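What follows is a set of notes on a single structure, which appears directly below.
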Amino acid sequence: MSPSPPGAGPPGMSPSPRDVPVPCLSAGPPGVSPSPPKPRSPRGVPFPPQAPVPPGCPLPPAMFPSPVSAPVPPGCPLPPAKRRSPGCPPPSAGSPPSAGPPGCVRPPSPGADGPATAGAGLEVRSAGLRRRLPPGWTEALPSETHLVLRGPAAARAWPRAAALRGALRGAAAWSRALPPPGPRRPPPLPLLPGGFATPRPPFFGALPGGVRARRLALGQEHVVALGAAGEVYAWGGGRHGQLGHGTLESELQPRLVEALAGVPMQAVAAGGWHSASVSETGDLYVWGWNESGQLALPSKALAEERAQDEDPGAADAELTPHQEQLAAEDTAFISIQAFPALLDLPQDLEVSKVSCGSRHTAIITRGGELYTWGWGKYGQLGHKDNASSDQPRRIEYLVAEGLRAEEVVCGPWTTYICVLEP
């Protein structure tokens, strides 16, 4: 397992990179990477591989802080023939799944819509190793130690090492029978009938009968759920305000985020120690830890970094009391936002999708543009540098290439997207 990069989270809680099922493209960024180098995309897309990708979406560029991982979102809503990764040409008739330039890996084609179906071919990749999982598993929820797989009749967990060896036929570390599938597609992992899966022991958590969740996101220490009526629940660790209840206290059971009551939500996301939700009208709400600008609110740490970059000697110079007072009055820095805050986006953009990494955030607008912000040390923001930002910035590469973003999934220090060609 790769070591954690320094400063990835609060003291003593740095998440480590995960080995995850990646059925699509791997594209490594220039420069430093939090895990062993992977093949780079022929076009040099600045997104390292790390997190689960919607099955059937050949993506460049992401999710989630271990020890708890977030699920792969439902697949792209358009035929696979229209999806591609920047730099990877469409597969030609009769070409093998892996045909294409170095770094472009294609799985067998899934159905035209939704998650990969049985036999579509999920893979586990770790430190240069690749292992195709047995057919029949439709969804995967990974962590650095275990892998939870969902099939038509059961959900099961195996140690990561067993998945890499292909030894999934023996006794599983955990198993839960599932009812026969109905006419409607079930909610995506980590939701399961009666509760939710976690990719580490005890592997399952029950939901109270009064909570009817249609989406659920797992953070480093907390859980955020989207209710059937668009209400938001949050519970777990709260010492960085990530629950949105206005305190830094933990909650053992799902608790309604009262600040969002009356504002129906369509999506939720949980990062390392921050959370986000998108309303049905396209507004973005954020709360939790803002050390690296992951809430797109003024970050003192980033302001100090920018000042030092502009004037390397400024870090050693002491401010006079008057200068300190002016600096304090000039900017109201936010380290923890314990209540949901409505984020003012450039040009009053409306948001359709949101995903949170360990300390960065990505959104897709209703116009198909991708914006990212937060910690950028490993190129996870996709702006052709490793700078962090507390301001939303558009991914200009996609605009220049005429690509429309359809799905986004953030990993601890990575970002995956599914794009649509014009």
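Cβ atoms here come from the backbone N, Cα and C positions, even for glycine.
As written in TrEMBL, here are the features:
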{"type": "COMPBIAS", "residues": "1-20", "note": "compositional bias 'Pro residues'"}
{"type": "REGION", "residues": "1-119", "note": "region 'Disordered'"}
{"type": "COMPBIAS", "residues": "31-80", "note": "compositional bias 'Pro residues'"}
{"type": "COMPBIAS", "residues": "87-110", "note": "compositional bias 'Pro residues'"}
{"type": "REPEAT", "residues": "230-281", "note": "repeat 'RCC1'"}
{"type": "REPEAT", "residues": "282-367", "note": "repeat 'RCC1'"}
{"type": "REPEAT", "residues": "368-421", "note": "repeat 'RCC1'"}
Task: pLDDT averaged over every residue in the repeat 'RCC1' (368-421) - done: 96
Open item on the list: For the repeat 'RCC1' (230-281), how many residues does DSSP put in helix, in strand and in coil?
Closed with: 3 helix, 23 strand, 26 coil
Task: For the repeat 'RCC1' (368-421), residues assigned helix / strand / coil by DSSP - done: 6 helix, 24 strand, 24 coil
